[in-house]
Amino acid sequence: MTTNPQKESSFISDCIRWSLSGGIGFKIYLVALLAIMGTGLFSYTKQFQEGLIITGMSDIVSWGLYISNFTFFVGVAAAAVMLILPAYMLKDKDMHEVVIIGECVAVGALIMCLMFITVDMGGPFKVWHMIPGIGLFNWPSSILTWDVLVLNGYLALNSLVPLYILYCNYHNRKPVGWKYKPFVFLSIFWAISIHMTTAFLYQGLPARPFWNNPLLGPRFLASAFAAGPAVIMMVLIAIKQWTRYPVNAQIFFKLKRIIVVSAVINLVMLFSEVFKEFYTFTHHSLSAQYLFFGLQGHDSLVPWIWSAIGLNILGTLLFAFDPTKGNPRYLMVAAISLFTGIWIEKGFGLIIPGFVPSPMGEVVDYTPTSNEILITLGVLATGVLVVTLLIKPALAILLKYKETNA
Amino acid sequence: MNSSRKKEGQMKTKKNEKKTTRRSFMKNLSVAAAAGSAGLVTGGCVSLEKTEEMGLKWEEYFKKNYRLMTEEEKGETVARLERLAKLKGDGDIQMSSQGPRENVLYGYAFNISRCKGYMDCVEACVKENNLDRTSKTQYIRLFEMDSGQLDPTTGDGKYHHEVPVENKFYMGVQCYHCENAPCIKACPTKATWREPDGIVVVDYDWCIGCRYCLAACPYWGRRFNWGEPEIPREEMNRKQHYLGNRMRMKGVMEKCTFCVQRTRQGKLPACAEACPTGSRVFGNLLDPDSEIRFILKHKKVFRFKEELGTDPKFWYFID
Ligand code: SF4
Ligand code: SF4
């Protein structure tokens, strides 16, 4: 991409400088994130030594907090497409201003996804067994291999396109359309595919009737397109609050519309699922019963799912009827409640009941251990840190570019 | 799977560590040899063993998937594993890499009208297959059933009382060695596969511990090593097979292998041999004169969750 090594290094060093510069508040924020990451890493070393036995998982509930979060954040990553699509395809000016933020959030979310998968593995040092060529890649048979491909591909697309655009802007050049536009189009399809593939991971298992449901994929998409833009909205509000980067009020309005439509579709599909499970109660509805009402005295998920549904509905209503006409505080509350609702529903509410009752009819509860929670928090903090450190230089470059070309 | 940057970093340092240990292994070796010939070494042996162990582990780390190994490579890895077990203090292991026999397809039939629920099979399996005693891993489970039911999910898999109980019957479940096994399809690394004789096996050293196969199995046939498996040394079965009852490590999947270490030598699986009531019939489906073929032909047989199309090689039958 470059011919001039000096220019290259100044691009990198400037980006690093912009990433880390900030007031005392920002420094405290960074230190806090690093501290959470540190505890996470410490817990992980323990897990690494003793094995996954220090988690709450068992042969019956064999995926827990890690995979739940993985699933949810795939959705957040895919949601960047809700900015990319209008920005590049529909040539929406407002969206174009903030599309980079969506892409940074996607990169952060993907890094979290890959970390969640890694911490969930029994033999993380054996990952090379999966690399085609030196290992054995069970493609196309295993959906997990598809997921690996699409996630890494999406990560590459979402880092390289913005990198190219920013690099051009940094050197005060206009990015050349044909050099990146094809990849933008590709990333739009790719976003859908990461989500569908992740859904197929579960949907394709007849062993687990709770997942083996054709609505799973579409519902994944709908909830992702509600939760993802909600995250992006939270980030935008923070940017508006703490930086001089202009965030047009129109953007909030547009995001709000996307969120409301997706959230309503999500709720409709949720209702359709609930109807199917409970109107004609079959043997296969036991998982749903466990989730919503408890089974054989085991009901650890019941309070979670009902609060998730409550938050879901609350968030949707708050977005749909916004009396403040875009007050950031109000939107923040709405975004947080919708995001949390979908987080619980897509995470815990989707993964755990798939395992309960077990194929042999056993019912057990799963409770994550403190170690597991600390590791999860560590991964989340890493994601937040990545997003922060990416967005800051990106905005600085864009701002400079805009000012010189104003 | 691309690990996060952090993990990659860790991996690199680990590799470097290993590289240096290998280099120092060579160095130590020559130093020790020199010192040894001078007859002056006292604690040298211990460190020599340590470096030998590191070297073997290093080679083990980079070996191929078992299925891709030549006969020679299979022999080498088996020899390394035997040596490593010895260095670890597990004694003299005899590990086999015996392949499938010609014209054999194993099948299993379980007589639900005869089984009395004594669980001798469970115990024999635990001993034969070196199953982890800490987590009380069992490949076989017995379900106590009320008459009028045929689905083990409705039975009691945790009964703890004197058997047999009147008006109850018993059903044993384990991996069914499906011909169309969802677990194999799911595995991202081809660490689990079906051998030509029908046994579904796991290459423990190749398994990355993602547990996708466990989620895919409709019969709960697989067990994961959440921690480091442990067995008292005196109870260890030292007649082992690479794909069977050799010692597993933490973070890998395992499952019933129809006692590959026994059956490939023409013996019965431990469970079938231990059963005092003769409810367990094991044999070669390709042999028209075998007992299992007789049962499939003349008894009322059924399989569990037939509707999933997994085509298990495990039948239940009624006298
Ligand atoms: S019973 Fe389960 S573990 Fe055994 S072969 Fe079938 S799917 Fe695989
Ligand atoms: S746990 Fe091991 S055997 Fe099972 S799918 Fe993952 S890599 Fe394959």
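A Cβ is built for glycine as well, from the same backbone N, Cα and C atoms used for every other residue.
Listed in TrEMBL for this protein:
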type     : residues  : note
TRANSMEM : A:26-45   : transmembrane segment
TRANSMEM : A:65-86   : transmembrane segment
TRANSMEM : A:98-119  : transmembrane segment
TRANSMEM : A:149-170 : transmembrane segment
TRANSMEM : A:182-205 : transmembrane segment
TRANSMEM : A:220-239 : transmembrane segment
TRANSMEM : A:259-281 : transmembrane segment
TRANSMEM : A:301-321 : transmembrane segment
TRANSMEM : A:330-353 : transmembrane segment
TRANSMEM : A:373-399 : transmembrane segment
| remark: Listed stretches A:65-86, A:98-119, A:220-239 vs the transmembrane segment (A:330-353), most Cβ pairs under 8 Å: range A:220-239
| request: Report, as numbers and ranges, which residues of the same chain sit near the transmembrane segment (A:98-119): CB under 8 Å and 6 or more residues beyond its ends. | output: 44, 47, 66-67, 69-70, 73-74, 76-80, 82-84, 87-88, 127, 151-152, 154-155, 158-159, 161-162, 165-166, 228, 231-232, 235-236, 239, 247, 251, 375-376, 379-380, 382-384, 386-387, 390-391, 394-395, 398
| note | Among A:65-86, A:149-170, A:182-205, A:259-281, A:301-321, the most Cβ pairs under 8 Å with the transmembrane segment (A:220-239) come from A:65-86
| said: Please identify the stretch among A:149-170, A:182-205, A:259-281, A:301-321, A:373-399 with the greatest number of Cβ pairs below 8 Å relative to the transmembrane segment (A:65-86). | reply: A:182-205
| said: Let me spell it out: take the transmembrane segment (A:301-321), skip the flanking residues so only those 6+ beyond its ends count, and list any with a Cβ under 8 Å from a Cβ in it. | reply: 226, 230, 256, 259-260, 263-264, 266-267, 270, 290-294, 330-331, 333-345, 348-349, 352-353
